[in-house]
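K.L.:
Mind having a look at this structure? Questions to follow.
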Amino acid sequence: APWCGHCQQLAPAFAQAATELRNESSPARLGKVDATAQTALANEFGITSYPTLKLFRDGNRTHPLAYTGRMDSQGIVRWMQRRAGPSAALLQDTGTMAAFVGSQDLVVVGFFKDLKGEAAQVFFEVAAEMVDMAFGVAEAAELFQAYGLSADTVCLFKKFDERQTNFPVDPSRGLDTAELTRLLHVHSLRLVMEFTNETSSQIFGAKIPHHMLLFLNKSSPEQLSLQDGFRAAAGGFRGEVLFVVVDVTGHGADVLPFFGMTAADAPTLRLVKMENNHKYHMEQDNFSDSAIRAFIQAVLDGKVKPHLLSAEPPEDWDTRPVKVLVGKTFEQVAFDETKNVFVKFYAPWCPHCQAMAAAWEELAERYKDREDIVIAEMDSTANELENITIHGFPTLHYFPAGPGRKMVEYKSTRDVETFSKFLENGGTLPEEPPVSEVREPAQGSPQPLLGEGMDPA
């Protein structure tokens, strides 16, 4: 659409990709359609947002492929190359194979006795999507023999860590696209990553459920030597736990507040469960590989309680109309069976929280003499709760009086009258058309280790 900012941003990259593909004599061609003018075409292909990219192959008008690559010229070129030609190079002899394996830090080769079989077709599909890795295929018996293989196998060759990782194809189940993609993502990462600006997207993109973090000061040789035990522990948890070194004097300094730490706390170890951002640390820091392995296994087995941040309660926390809760006092206030407690979970830096602060104060003033209603707030950047995870700011939860530890999320308009209506109706509102509001994503720029890609609600 001509007025669409995202389309305008993509336009030069799209034009550059078109030129590159033409210059290399690719059969791929790029075109564009103004969907606001060509409404019949837009309707035919179900275009509901801009820009939308679709690939038409072999004259097939009814089943175009949705574009899944990056929105830059290199991403478009690589994605189109994988679909315009074979998505994996055919390797026919040991010389070609050796050259291919040595050509990049990371290459994937599928060894298949039948390149037209189902497993090979799944491999070609994965190769077409994973455009940032080089893919090859081999079916010659001499190549199976040269690499010690007797059955269909996908091999990941690396110039770091373990040099070759084999993923045998299960004869009964074959290959699964999603599982092979996940395995290649996981095993393409270094066994121990360093948290930097360049690696952060890889670290989160792998979607590994736990991150084990070694915080150290890289200018200290003594602390650097602790990496040996850390690396030795990593091999047994591949795919389940990602091991990351965080330099407290470098890029890692920005994430220290998320852990309630300062640079002086290094060296130290933390494990983060990415699903809910729960953090765990040993009673005593012990950097031996056996101690690290035992600690991780205890967390995975559910034998270790998370370490929850809590500020100290202010002396006047319950004297003002808005009660100030912290991690240590939350339980006794929110789940008091004699009170209806309405809590604002906020971040001090969040502009949406700042915008509704006056309304929250006014609401508290209105109900300050009601024994059965408590209006409260908690800074969720300094306080954590074991069974409540806050994904966006502000988040408003209502805890009704009575047994059962009930909790209701408030999702309507943020003004005093609507808040009051909600409270007077016992934590519900009359049915009205939903009002969409913007919330700040919970992680914010100072806290990149909370997990990327968390959309604002």
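Glycine residues also receive a Cβ, built from the backbone N, Cα and C atoms like all the rest.
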K.L.:
In TrEMBL's disulfide listing, CYS350 is paired with one of CYS155, CYS353. Which one?
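P.N.:
Checking TrEMBL, the candidate bonded to CYS350 through a disulfide is CYS353.
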K.L.:
Which residue in the list CYS4, CYS155 does TrEMBL annotate as forming a disulfide bond with CYS7?
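P.N.:
That would be CYS4, the partner TrEMBL lists for CYS7.
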K.L.:
Round to the nearest Å and give the CA-to-CA distance linking CYS350 (disulfide bond) with CYS4 (disulfide bond).
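P.N.:
Between the Cα atoms of CYS350 (disulfide bond) and CYS4 (disulfide bond), the distance comes to 28 Å.
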K.L.:
If you count the C-beta atoms lying within 10 Å of each candidate's C-beta, which of the disulfide-bonded residues CYS4, CYS7, CYS350, CYS353 ends up with the smallest number?
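P.N.:
Comparing Cβ neighbour counts within 10 Å for the disulfide-bonded residues CYS4, CYS7, CYS350, CYS353 gives CYS4.
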K.L.:
Summarise the domain 'Thioredoxin' (299-428) as counts of helix, strand and coil residues per DSSP.
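P.N.:
Residue counts for the domain 'Thioredoxin' (299-428) by secondary structure: 35 helix, 28 strand, 67 coil.
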K.L.:
Averaged over the domain 'Thioredoxin' (1-85), what pLDDT does the prediction give?
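P.N.:
In the predicted model, the domain 'Thioredoxin' (1-85) has a mean pLDDT of 93.
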